[in-house]
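Colleague: Mind having a look at this structure? Questions to follow.
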Amino acid sequence: MKLTCVVIVAVLLLTACQLITADDSRGTQKHRSLRSTTKVSKATDCIEAGNYCGPTVMKICCGFCSPYSKICMNYPKN
């Protein structure tokens, strides 16, 4: 019973620490370019929308490859 209580308290404490750190670190990322998807997609040679993207193609799609038609498609706009 004591071990169960200790485990529950430890989990709650670690969860609280995670939430506190997540709130404090918003907007303070030092190297934003490392996580930028636009720079990665510009630097990567990719297949444009409307072209074949099956298993024999060595490049990746700029958007996503449709699993049924094997045609590259752009991501839908939100």
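Every residue gets a Cβ built from N, Cα and C, even glycine.
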Colleague: Based on the record in Swiss-Prot, give the one of CYS46, CYS53 in a disulfide bond with CYS65.
Modeller: CYS53
Colleague: Name the cysteine that pairs with CYS61 in a disulphide bond per Swiss-Prot, restricting the answer to CYS17, CYS72.
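Modeller: Matching partner in the record: CYS72.
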Colleague: Within the chain of CYS65 (disulfide bond), which residues six or more apart in sequence place their C-beta under 8 angstroms from its C-beta?
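Modeller: The answer is CYS53, ILE71, CYS72, MET73.
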Colleague: Which ones in the same chain are close to CYS61 (disulfide bond), with CB under 8 Å and 6+ residues apart in sequence?
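Modeller: Non-local contacts for CYS61 (disulfide bond): CYS46, ILE47, ALA49, CYS53, CYS72, MET73.
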